[in-house]
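For reference, TrEMBL has these:
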SIGNAL    1-25  signal peptide
DOMAIN    49-71  domain 'Glycoside hydrolase family 19 catalytic'
DISULFID  Cys49-Cys110  disulfide bond
ACT_SITE  Glu93  active site, proton donor
DOMAIN    161-171  domain 'Glycoside hydrolase family 19 catalytic'
DISULFID  Cys216-Cys248  disulfide bond
Amino acid sequence: MARPAALAVCAAALLLAVAVGGAAAQGVGSVITRSVYASMLPNRDNSLCPARGFYTYDAFIAAANTFPGFGTTGSADDIKRELAAFFGQTSHETTGGTRGAADQFQWGYCFKEEISKATSPPYYGRGPIQLTGRSNYDLAGRAIGKDLVSNPDLVSTDAVVSFRTAMWFWMTAQGNKPSSHNVALRRWTPTAADTAAGRVPGYGVITNIINGGLECGMGRNDANVDRIGYYTRYCGMLGTATGGNLDCYTQRNFAS
């Protein structure tokens, strides 16, 4: 009589395992699997990288699960393009790559905080998006339920918090800037002011959102090239097209 009971227990355990496995494959994790993540960021745990051991796959997935629309919205190509854009931008922000090297675009997520710590201390750049400035720390903290104004170091010591600040910035429109999320999904319609400033839909305007004051409207520059290189690599890995308007060389920044 014990044998049927044991079989029933085994069957239940198998169904639970299948259910758990299916849940793990949902959302962002169905596109950015553990192996894909490792392939995209092969040097994130390199001994030369100050962030080694910090940007774990599990932390990325845990953070993504708190932003249900992130990397899960639109068609299969929309999803892949958004994730390629997110990783393209954040890889540049944290890069340890050498300009012109054969592996230049394989060194994303090497740093977790600004090297010089000279920008807006103590609210200097931290995390995948290099969150910077007291206002951003305040807004991001309120959004994710953490006091980042009193404890900005959480962004460089707690990997889930770190990823969540990057995703908050990505998903949130501020002032006259659209969200990077909507731009990546091709859901942004430029205003007349945007059109006059040369801001057009595409990956380039995401660069403008993130760091337009230093990189846009000044012709070809190494930072733009690096962001585009990472994005192009990730689009290729995920099997989607980059779309057009990849740079912001001739765009005026949003503050101008």
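Glycine residues also receive a Cβ, built from the backbone N, Cα and C atoms like all the rest.
Any TrEMBL annotation is an automated prediction that lacks curation.
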* Residues of the parent chain within Cβ reach of the domain 'Glycoside hydrolase family 19 catalytic' (161-171), under 8 Å, 6 or more residues beyond its termini -> 54-55, 59-60, 62-64, 66-67, 69-70, 86, 90, 112, 126-129, 131, 136, 139-140, 143-144, 146, 148, 154-155, 179-181, 210
* **Outside the domain 'Glycoside hydrolase family 19 catalytic' (49-71), six or more residues from its ends: residues with CB under 8 Å to it** => 27-29, 31-32, 34, 37-38, 41, 43, 79, 82-83, 86, 94, 96, 107, 109-113, 128, 144, 159-164, 166-168, 170-171, 181
* **Number of helical, extended and coil residues in the domain 'Glycoside hydrolase family 19 catalytic' (49-71), per DSSP** => 8 helix, 0 strand, 15 coil
* Of the recorded positions Glu93, Cys216, Cys248, which one sits closest to Cys110 (disulfide bond) when you measure Cα to Cα? -> Glu93
* Asked: Rounded to an integer, what is the Cα-Cα distance in Å between the residue listed as 'active site, proton donor' and Cys216 (disulfide bond)?
  -> 16
* Structure fact -> Here the 10 Å Cβ neighbour count for Cys49 (disulfide bond) comes out at 21
* **Cβ atoms near Cys248 (disulfide bond) (within 10 Å, other residues, all chains)** => 30
* Structure fact -> Quick note, Cys216 (disulfide bond): same-chain residues at least 6 apart with CB under 8 Å of its CB -> Gly204, Thr207, Asn208, Cys248, Tyr249, Gln251, Arg252, Asn253
* Across the domain 'Glycoside hydrolase family 19 catalytic' (49-71), average pLDDT on the 0 to 100 scale -> 98
* Which is it, of Glu93, Cys110: the one of these recorded positions whose Cβ has the most other Cβ atoms within 10 Å? -> Glu93
* **Helix-strand-coil residue split for the domain 'Glycoside hydrolase family 19 catalytic' (161-171), DSSP-based** => 11 helix, 0 strand, 0 coil
